[in-house]
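Taking it in order: structure first as structure tokens, then the write-up.
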Amino acid sequence: MQPGALSKALKSGAIWGFIVLELIFFSVAGEFLSLSDKAFMNWENMLLLLKQSAPIGIIAMGMTMVMVNGNIDLSVGATFAIAAIVLLDSMTWPIFAGLGDWVIPVAWLLALLVGTALGALNGLIVWKTGVDAFIVTLGSMLGYRGVVFMFNGENPTSHLNWTLVDFAEAEFLGLATASWFLLAVTLVIWFLTKHTVHGRNAYAIGDNRDAAVNAGIRVGPHMMINFAIIGFLAALSAVVFYSESGSVNPNDGQLYELWVITAVVLGGTKITGGAGSVIGTFGGVIAIQLLRKGLGHIGADTSTVNLVIGCILIAVLFLDRQLNVKGKEELKV
Amino acid sequence: MTDPVLRLEGIVKTFPGVRALDGVSFSVLPGEVHALMGENGAGKSTLMKVLGGIYQPDGGEIVMGGETVVMSGPLEAKSKGIVFIHQELSLAEELSVAENIYLGELPRKSFGRVDWARLAEQTNTILKKLNVGFDAMTRVGDLSIANQQMVEIARALTVDAKAVIFDEPTASLTDAEKVVLFEVIADLQKDGVGIIYISHRMEEIFKITDRISVLRDGQYQGTVETTGTDEETVTQMMIGRKLDLSRNAAHHELGAVALEVRGLSCGDLYRDVSFTVRRGEVVGFYGLVGAGRTEIAETLFGLRVPSAGQILLDGEEVHIHSPADAIGKGISLVPEDRKGQGLVLGMNCRDNMTLPQVDDLRAGPFMAEGAEVAIFDQYRDRLDIRTPGWRQKVGNLSGGNQQKIVIGKWLSMHPNVLIVDEPTRGIDVGSKSEIHKLLRELAAQGYAVIVISSEMPEVLHVSDRIIAMYSGRIMRTFTSDEVTEDSLIQAISGLGGDREA
Amino acid sequence: MATLTKQKIGGILARQGILIAFAIFMIAFTLASAKFLSVDNVFSVVRSSAILGVMALGVTFVVISGNLDLSVGSMMSFSTIVVLDLHDKIGPALAIPAMFAMTLCLGAIIGFLVGYLRLNSLIVTLGMLSAIHGLTLTYSGGQNMDIADKEGTWFSVFGQGSALGIPVPILIFVGLAAFLGVVLARTPFGRKVYAVGGNGTAATFSGIRRARIVFQCYLISSACVATAGLIQASRSLGSQNTVGQGLELEVLAAVILGGASLLGGSGTIFKTVIGVLILGFIQNGLLLLGLQFYVQFVVTWVIIILAVWLDIAAKRGKLLSPIA
């Protein structure tokens, strides 16, 4: 059991070790390479980093639940865009004209409802048809994106509401609104996965589906709830982000699924389900954002970020495999 | 006279083309251990699935406490007090012991929260009864297989059970753990719980059960009092005739040594194994599951790297790096797990059979399909494989015919050394003796054959020599003339094998 | 026996369902628009599907061997950018083999990771998607790539030329499909690909070198991607860095629509071609009907799910899944 314990400790701590490594590297390298003379590890910079992590991070929490459950959701980017459009466009609808600023909570609610419904729709299809979640959400990724484009063609949808912008740009106890949302979502999902019956059953289903079925756990509803949660969180992420920016392009959110999945896998969630933690995912999100910012800080452009993240993802997979090798006697198949 | 806790009456279950259960009736009394026996495929697991609500019966009824009940699913069965202890571990490895024991019914607090305190308390009470060395919050994946089995058993103690069904519970337990298990069963008995005990191990059956019911080919054969019967009678009920423990008598001219293994070891799996196999000889490997027999075969087939020792083919030392390598050197392996290792179920019969030699069966750059069909036809006739045609998907064939496809696949390679691992597992009696006959014939034709089996009649029946293994070591080698059942059982249990040799 | 016939009927439905759906589509669109089945229109559909189609051919191999390839889109951008850049530097005659060699290297890397190191193909190719995108941007410096002398190069023949009245991209697509179709269906290699995807363990136990087969499938996939990049580059003679972005999913959609199972072991080149054509004709048909361009995405979504659903339903003999 000794080597197992070691590799487990390595695995759960790895993401934080990696973050520390990143911090050290970029601080040192920044001294020599950075164009600006601001230190990388300055407090403001770190706070900004947390805020910038929010859009991906909020969705990643939902993805953790879906992946722990043994599924995957590729449609989150498109759901994100639809929710954003609903949010911004609904504020201009004539029926809400009389509401004044009270249109804001209504628009929020609408966007969140739409996101939840789209997620639940994925879940329902996975449940009732038995088609693999990968295929279902691959399809809805195209479909939902099509809906986005059908709404306004290639043109952006914009609406700036200054009350909303003020709220989104507000800071409370030194943290931006978006950061608070990220932290709150992390906390709630952490609680959900660790301390509720739904969360524990989700783990059981992802870990050993037959055992779960034999124990009388109803697999379908749990999966659907998790898809609804990720839909809700994709919409929440859009709500948080677009309250501030006020304009959505039909291409927004593209490749979000890749970023989110990268963060979740970096955070130690098993692709086949059954294992993973929200805290690990939080680490994964921070690590990725740190990498993006850090590489920018030392003067590398976006291309390098893509290259490095891709390589790191594969390296993590490789290390994970090496840690799980049972020894030389293992069957070679 | 007490009323039975559970009574089955005339249960019928048909699958398209098969009558899996045909009027099965038996009852379990409170405080009784009732053994359910039958060969593989006799319908035991189907019956249990009917009882657990996974299948709905097509006829007959389940009666509990005087009322007819309908089991709509596992949860309902459990709520009625019927608990299953599965043979295959059905545990979620990443979850804790407590969560596994209470899988599907975690204690709740408000807002769907898990009541951890209550969960831990209840679990620890149960674990104390089982006298195990781990606590409620241990991750199941960190436990040994035997301890995982204990977790499975602990599930029986979570509810106010009326009937508990143990399906081969001792398969992976050590002797000390078995003692604990039997104590648990005795406790349940004292509380008036009815127990259905499914096992192939006669000694256990006669040690702990009160009555024995037997199924054969989906039909109920009767129930007997354990004290009033013996192994032979039960076996006869199970297979419909006397157990054939006859030994192989025919010997052919033995040729040169085809395969020699010297001091072969592979980590902890097996150590210092030496033996030889001659042309024209069938060598049987007998031992319990986990004795290292399959691992030796896998090493010879290039699937494992030996940590020490030599392998000699026709007197020359060889290093076998991969199955492709082994095939090139004239070794064939009919693997243990037919569906997982032997066949591509979604492929047709012909393609499965010619799979190891696709590179040799070509006409220019293409597959020589005519030659393939010819090979298939040849072995279909020789092995009497029943299939509508070579286009049939292998997954649609019966177990026996599937096994014959695998055997045909390796015979068509004309190997020097043929290794067969559990060649008749899960197939009907008729096909079994056909395959035994075939193995003898092959040896007569000059093949060197290794048969690995957990069934004593099989080993006795086909082998010229029998190698008994226990816990990764060869305990003793018998010739078919000197072997007796007792000495064989002693050798594979690790008792006195060396001394007698 | 009753099972066999039932499975047979289900099997026939599952096998031919996609063809039936295709026929219904064609008839419906033909009735709705006279232009739909004209030679010009058919040519234009097949030509515009050629790039997607060529990539789908390679991905079919990967999927049948039981893996995924999400990197083909960004790999296609890479080949396009590279060949355009090298065209002006070393001339088209050298640029094309150089680009093929570089793309094959990328395929070999993926094949090594997935085949020999046995890493999960979804994550590996996801990582490669990002990494290759980064590579492309680094290579091009983030700039669009254009050929200086667009009039005077023979390079345009692959994307714009035609022979015997048939556009070259169609010829390449059809020729490659025929070639790879034969490789998959009629050669020992093809047989091994099915075996590895159908049951990798059983394939290993039959002496098939699984890692090598997977590796070769990724090589084929990257060769197809390089061909697609060549057509793309030749057609436009200039390109953005993101020309292939998102194509990986459309390619996969076409392969799945053709009935290949993501679990591996099933699918054919012919069915993939049908899948590609369905996607192409739907897009075209909806446009001819005067619907918005983007409606096709929604229709594709519905069709993919229906196709896979009916396929599974035919196999299990029940419409709804047994999931509780």
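Cβ coordinates are placed from backbone N, Cα and C, and glycine is handled just like the others.
Note: TrEMBL annotation is automatic and uncurated.
What TrEMBL annotates here:
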| type | residues | note |
| --- | --- | --- |
| TRANSMEM | A:12-29 | transmembrane segment |
| TRANSMEM | A:49-68 | transmembrane segment |
| TRANSMEM | A:75-96 | transmembrane segment |
| TRANSMEM | A:102-121 | transmembrane segment |
| TRANSMEM | A:133-152 | transmembrane segment |
| TRANSMEM | A:172-192 | transmembrane segment |
| TRANSMEM | A:224-243 | transmembrane segment |
| TRANSMEM | A:258-291 | transmembrane segment |
| TRANSMEM | A:298-319 | transmembrane segment |
Range from A:75-96, A:102-121, A:133-152, A:258-291, A:298-319 with the greatest count of C-beta pairs under 8 A to the transmembrane segment (A:49-68): A:258-291
Leading contact stretch, A:12-29, A:75-96, A:172-192, A:224-243 vs the transmembrane segment (A:298-319) - CB distance under 8 Å: A:12-29
Using Cβ atoms only, state whether the transmembrane segment (A:172-192) and the transmembrane segment (A:258-291) have three or more pairs under 8 Å that are 6 or more apart in sequence. yes
Contact between the transmembrane segment (A:102-121) and the transmembrane segment (A:75-96) is defined here as three or more C-beta pairs under 8 Å separated by at least 6 residues; is that satisfied? yes
Looking only at the recorded stretches A:12-29, A:133-152, A:224-243, which one has the largest tally of CB-CB distances under 8 Å to the transmembrane segment (A:102-121)? A:224-243
So if I exclude everything within five residues of the ends of the transmembrane segment (A:258-291), which remaining residues of that chain have a CB under 8 angstroms from its CBs? That is, six or more out. 11-12, 14-16, 18-19, 22-23, 26, 49-50, 52-53, 56-57, 59-61, 63-64, 67-72, 76, 186, 189-190, 193-194, 203-208, 305, 308-309, 312-313, 316-317
Positions on the same chain near the transmembrane segment (A:12-29), where near means CB under 8 A and six or more residues out: 39-41, 266-268, 277, 280, 283-284, 286-287, 290-291, 293-294, 297-298, 319
